[in-house]
Amino acid sequence: MGKKVVVTGVPGVGKTTVINGAMERLAAEGVSYEPVNFGTFMFDVAKKENLVSNRDEMRKLGKDVQKRLQQAAASGIAAMSGDANIIVDTHSSVKTPTGFLAGLPEWVLRELMPDIVVLVETDPDQILMRRLGDESRTRDMEGSRAIAEHQEFNRAVAAAYAMYTGCTIKIVRNENFLLEQGIDDLVSVLR
Ligand code: AP5
């Protein structure tokens with residue numbers, strides 16, 4: 001069985017950046033991982049059903065619709081994983097207009113059964129600045145305090161994922177000017 005690693009973090013913390021750096025490093029060592037973006041799986045279905053025109057609209061959809069898209073993504077990813085090592089870029093929780101939605105509820109965990117859940121974190125002020133600097137996305141405008149609360153909630157809900165699956169929880173810091181350190185940390189759990 002391949003290793004299943006789920007990488008999470010609030011929008012704009014730099015999950016994808018750290019994953020890409022780690023994949024590059026591991027490829028040079030001959031260790032291969034299949035990268036999977038959970039949001040892309042959801043978006044493909046949502047687009048086909050004309051529910052949204054961009055991926056940032058998905059978290060505003062009704063809770064039951066998001067849960068259905070989640071389920072579809074989880075089954076799609078489980079079907080493709082087989083014996084390969086996979087790294088899933090996703091969210092510990094999603095901030096919706098009606099509150100936090102668990103990114104890995106029971107029906108998703110049952111499909112994925114991760115070995116490790118990684119929480120990518122950094123200081124809320126840095127995340128705020130990264131969001132403001134990223135014009136390619138429609139980010140929620142929220143202050144540092146709300147971002148800090150979201151990161152706290154992500155840790156709390158990740159504890160439940162560990163209880164359910166027996167996975168380990170790894171916290172990777174992705175600080176300004178210290179991206180390489182974050183990549184090193186992620187590589188150490190992927191090797
Ligand atoms: P997704 O596309 O994963 O949304 P996201 O979190 O906004 O992802 P991004 O790729 O935009 O952010 P990132 O943290 O990867 O940051 P990046 O590396 O780009 O998901 C889309 C949607 O799908 C969600 O909103 C949700 O609706 C849905 N979804 C997904 N999973 C779900 C689930 N399980 N359940 C329900 N719904 C789900 O970096 C951001 C910026 O920071 C870049 O400009 C980068 O250059 C910069 N940066 C990164 N690191 C550093 C550093 N160390 N120093 C300085 N700058 C840095």
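Just so it is clear, glycine is given a Cβ too, placed from its N, Cα and C backbone atoms.
Nobody curates TrEMBL annotations by hand; they come from automatic prediction.
Proximity of T17 (ATP binding site) to non-local residues of its own chain (separation of 6 or more, Cβ distance below 8 Å) is seen for N174, L179, given in sequence order. Annotation comment: TrEMBL describes G9, V10, P11, G12, V13, G14, K15, T16, T17 as ATP binding site.
The Cβ of P11 (ATP binding site) has 21 other Cβ atoms within 10 Å, all protein chains considered.
Cβ neighbour count for V13 (ATP binding site): 27 (other Cβ atoms within 10 Å of its Cβ, all protein chains included). Cβ neighbours of K15 (ATP binding site) (same chain, under 8 Å, six or more residues apart in sequence): V7, T8, G9, D89, V120.
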